[in-house]
Amino acid sequence: MHRLLIALLAAFDAAVAAAVGLAAVLAPLTVMWALSLGATYWEGLWPATATIWQLGHHVPQAIELAPEYLIASGIPAEASSFIISLAPLAFLAFTVWSGARSGIRAARAGGWITGVVSGAVIFTLAAVVVEITSNNPIATSEPLAAILYPALAFAIPLLVGAVVRAWIDGDDGPIDALHDRVDQLPTAWAEVPALVVRGTAVVLLGFVAVSALAVVVSVIARGGEVIALYQASGVDAMGATIMALATFAYLPTLMAWALAWIAGPGIILGTGASVSPAATHLGVLPGLPPFGLVPEFSHTFLLAVVLLPIGIGVLSGFIMRSRYAAVLGEEEPYPPRIVLAVVPAAIAAGIAAAVFALASGSLGPGRMADFGPQIGLATLALFVEVGIGAAVMLLLPRGEDEDWESLPEEPALAEEAETLAQPVASDSETKPIGGAV
């Protein structure tokens with residue numbers, strides 16, 4: 001495909017990704033405006049849309065409440081200014097998915113470098129336009145962060161998706177040259193890069209699966225508390241719908257919290273409050289429905305959940321070991337297997353650390369300024385747990401398939417088998433019982 005066409009298609013992908021993310025915010029706000037806020041100008045919804053979209057890409061928002069609002073609501077003056085930085089990661093997840101998809105398409109078209117540059121530039125321009133046109137007197141952000149964070153959220157997966165697809169399909173360029181150099185390595189090492197990618201993908205998919213399962217179990221077990229918080233909020237149908245949409249936007253954030261809880265160290269829910277499988281110290285939580293999912297108890301038997309990351313490591317190690325053994329047979333040197341046990345666990349833990357950082361932030365002033373996973377401890381725990389599981393499958397001796405035909409027979413069983421194998425005489429040759437004729 002011609003490079004100009006690749007650039008145009010990548011630019012279109014980037015523009016659509018930005019537009020869809022903004023429309024996901026603007027559409028429900030427009031419905032709310034049409035039903036209950038018709039007296040105001042529709043253009044006033046754009047600053048709120050831009051603020052929510054930026055927050056969804058982890059851009060901190062400095063909130064400054066007006067004095068008349070403080071008087072009407074009874075909020076003390078010292079709480080008039082605070083930072084909100086706990087991101088609804090559904091927007092970021094969509095941007096990451098769109099970037100990776102665009103990179104894969106550019107690589108398949110044969111011009112991944114052109115596609116990556118074009119897509120990254122257009123999405124950055126979209127972030128610039130959003131920042132310039134969204135003057136908001138209540139919520140403000142640092143211009144550099146408002147442009148850089150969304151741009152990186154699209155550009156990094158765009159590049160990763162393009163490189164991975166080019167590695168698989170070839171690009172007649174730098175990726176093929178690197179691929180050829182890897183192929184020239186000894187056989188024991190030539191398979192390692194592909195197996196590292198495969199093992200890392202298995203671990204990451206396992207993280208997503210167990211965290212989603214934990215959220216589902218929490219919804220089933222504590223759905224009553226969530227409903228009670230909805231009822232206690234006293235909102236009408238429109239307000240309940242807005243709260244439900246906001247909860248959905250924070251679903252990936254809750255999944256990141258669930259993964260940190262499964263890892264063992266748990267999460268922080270405000271200054272001095274934390275939740276983990278072994279210990280729970282809760283203070284006063286915000287009366288928002290998602291916080292109804294937080295478990296209020298802990299027990300040492302709940303530490304058994306750390307077996308889930310270990311099991312993910314076992315599965316990853318089994319898949320890598322099976323492929324490695326299929327290529328090398330019985331000759332499996334230890335150094336490459338050590339690399340396969342450690343590197344995928346380290347990469348997956350590093351990606352989890354980035355997600356934990358994105359799922360952390362502030363929800364308000366005072367003790368509300370610290371929410372999210374315990375990043376360092378949770379990352380280390382995941383690395384150790386996944387690494388242990390992978391090492392079990394990769395470093396222990398591999399059991400050989402036994403050839404049952406070559407096993408020595410027991411003497412008694414052999415004689416009995418030989419006797420039973422002899423042909424049975426016919427009726428005419430068999431002597432009657434008791435000498436009967």
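Cβ from N, Cα, C; glycine included.
TrEMBL lists 403-418 with the feature compositional bias 'Acidic residues'.
Taken from TrEMBL, the feature region 'Disordered' covers 403-437.
Annotated transmembrane segment per TrEMBL: 79-100 (among others), in sequence order.
Annotated transmembrane segment per TrEMBL: 112-132 (among others), in sequence order. Among residues of the same chain six or more beyond the transmembrane segment (112-132), those with a C-beta under 8 A of the stretch's C-beta atoms are 3, 6-11, 13-15, 17-19, 22, 50, 53-54, 99, 102-103, 105-106, 141, 143, 146-147, 150-151, 154-155, 158-159, 162-163, 165-166, 171, 173, 175.
Residues annotated as transmembrane segment in TrEMBL: 144-168 (among others).
Residues or ranges marked as transmembrane segment in TrEMBL: 201-221 (among others).
Under the heading transmembrane segment, TrEMBL lists 227-251 (among others). Non-local neighbours of the transmembrane segment (227-251) in the same chain are 28, 32, 35-36, 56, 88-91, 215, 287-292; each lies 6+ residues outside the stretch with a CB under 8 Å from one of its CB atoms.
Taken from TrEMBL, the feature transmembrane segment covers 258-279 (among others). If one looks beyond the transmembrane segment (258-279) by at least 6 residues along the same chain, the residues whose Cβ comes under 8 Å of a Cβ in the stretch are 207, 210-212, 214-215, 218, 285, 291, 294-295, 298-300, 302-303, 305-306, 308-309, 352, 355-356, 360, 366-374, 377-378, 381-382, 385.
Within its own chain, the transmembrane segment (299-319) has Cβ neighbours under 8 Å at 198-200, 202-203, 206-207, 210, 261-264, 277-278, 340-341, 344-345, 381-382, 385-394, counting only residues six or more beyond its boundaries. The annotation transmembrane segment is assigned in TrEMBL to 299-319 (among others).
Under 8 Å from some Cβ of the transmembrane segment (339-363) lie the Cβ atoms of residues 58, 60, 82-87, 89, 92, 192, 195-196, 199-200, 202-204, 207, 252-253, 256-257, 259-260, 268, 286, 313, 316-317, 320-321, 324, 369-373, 375, 378-380, 382-383, 386-387, 390-391, 394-395, all in the same chain and six or more residues away from its ends. The transmembrane segment feature in TrEMBL is assigned to 339-363 (among others).
Taken from TrEMBL, the feature transmembrane segment covers 375-396 (among others). Within its own chain, the transmembrane segment (375-396) is flanked in space by residues 199, 203, 207, 259-260, 263-266, 306, 309-318, 320-321, 334, 337-338, 340-342, 344-346, 348-350, 352-353, 356-357, 360, which lie at least six positions past its ends and keep a Cβ under 8 Å from the stretch.
By the Cβ criterion (distance under 8 Å, sequence gap of 6 or more), the transmembrane segment (144-168) is not counted as touching the transmembrane segment (201-221), fewer than 3 such pairs being found.
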